[in-house]
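Q: Quick one: the structure is below, and I'll ask about it shortly.
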C-alpha cells in the first residue's frame, strides 16, 4: 500500500511539472510574439511619421534647410532606439519573472511531494511494524514479548477507563508504597490486559 501511494504521488508530481513547463513555454512564446509585433508596429509608425514630417517640411519650405532635416531624422531615430530598448527590457523582465515563478512552483511542488512521501513512508512502516508486533501477542497475555506501545495500541479503547481508575486511586490518601498493592486488589476482577495497563499507568505516575 505504501509503495502504491508513493508511486501515485510521484506520478502526480511529474504530471504537474510537465503541465507547468508547458504553460510557461506557451506564456513565454506569447509574450515574445506580442513584444515583436509591438516593436515592429512602433518602428513602422516612427518611419511613417519621419517620412510625413520630411514631406511636410519640403512642401512648406521651398528651400529645405538640410540641418533641420538632419536634426529631425536624428531625433526620430533616437526615439526609435529608446522605444526598442525599453521594449526589449520589458520583455527580458517579463521572461525572467516567468522563469522565477516557474522555478518557485517546481520547487514548492517537489518539496511538498518529498514531505508527503516521507510522511507516507514513515506512517506506513510504523503501522506495519505495530501490526506485526501486535500479531505476535497471544490473546491471553498482552505483555508476552510485546512492548508497552503495542499494548496501548491494542487496548486503546480501554485507555479512558484506565485513566479514570488511576485518577481515582491517586486522589485517595494512600501512600506511594501501598498504592500498587491497593490497585492490585482493586483491579483484581479486571481483565489481565486492563490490569497491566492500570499498573503501568501507576508506575508512570510515580516517576
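In case you wondered, yes, glycine gets a Cβ from its N, Cα and C as well.
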Q: Checking feature assignment: transmembrane segment per TrEMBL, candidates 24-57, 126-159. Which range matches?
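A: Going through 24-57, 126-159 one by one, TrEMBL flags 24-57 as transmembrane segment.
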Q: Determine which residues of the chain contact the transmembrane segment (24-57) at the Cβ level, with the cut-off under 8 Å and only residues 6 or more beyond its ends counted.
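A: Sequence-remote neighbours of the transmembrane segment (24-57) are 64, 68-69, 72-73, 76, 79-80, 83-84, 87-88, 90-91, 94-95, 98-99, 101-102.
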